[in-house]
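Asks: Quick paste of what Swiss-Prot says about this protein:
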type	residues	note
BINDING	47, 68, 139, 140, 141, 156, 226, 227, 228, 243	iminosuccinate binding site
BINDING	113, 200, 297	[4Fe-4S] cluster binding site
């Protein structure tokens, strides 16, 4: 059974688009960042959804491009004393939870996530208090405070396996915050899930009619879908999975043309994986609507070269991530449970 809970959330105002840099300015900041990374004994960790030039810089400087969990794991294992996290705020918090001894910097602490914003801790605590018999499972896309309330943290790459495991133990679940991913997991496992109703502003915009028209235009294309997308979009997919799983699917599918329903930032690494294949963006407009995100997270776009240089140079309250130690210790428990469970899956 899956029962939906819908918090009263407002439509989130988007941040202003960063001012474009000239070619000369980009070259200046790239060299400055490379120098500052060496001087600070720092390493860049960037999410798949950041802009291509940011991912490229992370590659060139020995950093990491991955999903939020692997970003934090990479940072925890890396000998650098400072981590520059190019992503959104919960990713910086997760890095700090796993690496409290390190300095965690972000280009801006104003880089939000609609899933995080849609799950305020006070309301979530009250929701959990009303259902004390349920195991609390929260998606990685949540604040440190919400993680601290959870029994488990989960990423999309192991969500089905974890919920299937908990269901086999007879446990009833509270799932937060992504309703689409929650529905997908419930359908795959049959688990008893009480689901918080949040959504990713990017994946929530994919449209079935527009996708159908694109599929008709390219009938030889496979459709790759992130499970944060609406159920109707997921049902059209040839492959469903997390960011890393979609990149893997792009390599294994025989199709030479791929329609990709996730943030277009993933195209940088996906195209590297399948250089001979054509990648098409799944449509986010149509059916009488225009897109707001247009397949790219506006907060991810805040991770620009100038902001990265400023973070490495200025530090301070505008760039450094802090997590209260007692909160960090509580949030670390469900995170470590997830890491241990993921290790068993890898064998």
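Along the chain as shown, residues are numbered 1 onward.
Keep in mind that glycine also has a Cβ here, set from the backbone N, Cα and C atoms.
Because the structure is a prediction, the values reported are computed rather than measured.
Context for these features, please: burial, neighbours, distances.
Replies: Within 10 Å of the C-beta of residue 226 (iminosuccinate binding site) there are 28 other C-beta atoms, taking all protein chains into account.
Sequence-distant contacts (6 or more apart, same chain, Cβ under 8 Å) of residue 200 ([4Fe-4S] cluster binding site) comprise 113, 114, 115, 141, 178, 180, 228.
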Asks: Taking DSSP as the reference, which of helix, strand or coil describes residue 297 ([4Fe-4S] cluster binding site)?
Replies: coil
Asks: Over all pairs in 47, 68, 139, 140, 141, 156, 226, 227, 228, 243, the listed iminosuccinate binding residues, work out the largest Cα-Cα distance in Å.
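Replies: Largest pairwise Cα separation, rounded: 17 Å.
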Asks: Should residue 228 (iminosuccinate binding site) be counted as helix, strand, or coil on the basis of DSSP?
Replies: coil
Asks: Would you mind reading off the Cα separation of residue 297 ([4Fe-4S] cluster binding site) from residue 47 (iminosuccinate binding site), to the nearest angstrom?
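Replies: Each residue's Cα considered, residue 297 ([4Fe-4S] cluster binding site) and residue 47 (iminosuccinate binding site) end up 11 Å apart.
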Asks: If you count Cβ atoms within 10 Å of the Cβ of residue 47 (iminosuccinate binding site), leaving out that atom itself, what do you get?
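Replies: Result for residue 47 (iminosuccinate binding site): 27 other Cβ atoms within 10 Å.
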Asks: By a simple count, how many Cβ atoms lie within 10 Å of the Cβ of residue 139 (iminosuccinate binding site), its own Cβ left out?
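Replies: That number is 28.
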Asks: Taking the centroid of the Cβ atoms of 113, 200, 297 as the [4Fe-4S] cluster site, which other residues of that chain lie with their Cβ within 8 Å of it, listed in sequence order?
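Replies: For the [4Fe-4S] cluster site the neighbour list reads 49, 88, 114, 115, 141, 201, 202, 263, 299, 300.
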